[in-house]
Amino acid sequence: MPCVGFGTYTLKKGQVKKPLEAAFAAGYRMLDTAWVYDNEKEIGEVLRKASIPREDLFIETKVWRSYHGFDKTLECARQSIRRLGVDYVDLIIIHWPGPGRHMFKQYDIPADFTAQTRLDTWRALEQLYSDGTAKAIGVSNFSIAHLKHIMQHATVKPMVNQIELHPLLVQDELVDFCRESGIIVQAYSSLGAGAKDGTHTLLGHPTVTSIASAHGKSASQVLLRYGLQKGDAVLPRSSNTAHIAANIQLFDEGFVLTDEQMQELDGLNVNKRFAWKGVDPATIE
């Protein structure tokens, strides 16, 4: 799995084609999508037009939380693969450890969700892995407790855990558990986000901009490089062609953050979550 991929979250219908084409032109060969992103069909159109051999691409998608359960998971996965227009995906993961919520009526989907339902979802992914529909399987937003429960019952353990990671949310205990368990950590929201009141921003944080200035790089590049040096795979996303190209230029000779700079960035941690409205997945049973 490439250590840098192109994220497509928020790039919905009518928005994903040009950025993805720019990403391929810039050298990205991994893309991350999801059933719920509503862009898989257009991604498939770009894939068919791209002159890139399928074996050189790494395609990742996610089963949406409303599709928990064995049969529903298989249905969701097959929808994604059909939309993408591929015979297989390189990685498919469970998007969220708990159920979905009806947008208006505010009840759980599936309504009878339990920890056993999550195991049934995982069994479906194991089947997709066994029959070659997915070359690898994993999870997203899973806590240590979620991972332990899966691994106690799994035939195939999760290969990847995609989680929110950045200097404001380092999640050391979870990351260490994944490393010790042989689970690859894939970071999303590496650049953080900005609160409406201007607090908890990363791209404009003095520590980040100072390090960027010292290396002659952008704040985004510093934050992505930080993730790589922590041992994480990263998934930058942008609709700006220049930013898309810059976000993969992380391997220039001499562009290595010092131990002191890494410690400075680690020191920004305040356990701030931007994704999922700040909900800690560990609160889900």
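The first residue you see is number 1, and the count goes up from there.
Cβ atoms here come from the backbone N, Cα and C positions, even for glycine.
As recorded in TrEMBL:
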| type | residues | note |
| --- | --- | --- |
| DOMAIN | 5-269 | domain 'NADP-dependent oxidoreductase' |
| ACT_SITE | Tyr37 | active site, proton donor |
| SITE | Lys62 | site 'Lowers pKa of active site Tyr' |
| BINDING | His95 | substrate binding site |
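Cβ contacts within 10 Å of Lys62 (site 'Lowers pKa of active site Tyr'), excluding its own Cβ and spanning all protein chains shown: 24.
Here Tyr37 (active site, proton donor) comes close to Thr8, Tyr9, Leu11, Lys12: these same-chain residues lie at least six apart in sequence, with C-beta atoms under 8 angstroms from its C-beta. His95 (substrate binding site) falls outside any helix or strand according to DSSP and counts as coil. Calculated from their C-alpha atoms, the gap between Lys62 (site 'Lowers pKa of active site Tyr') and His95 (substrate binding site) amounts to 5 Å. Other C-beta atoms found within 10 angstroms of the C-beta of His95 (substrate binding site) number 23, with every protein chain shown included. Averaged over the domain 'NADP-dependent oxidoreductase' (5-269), the predicted model has a pLDDT of 94.
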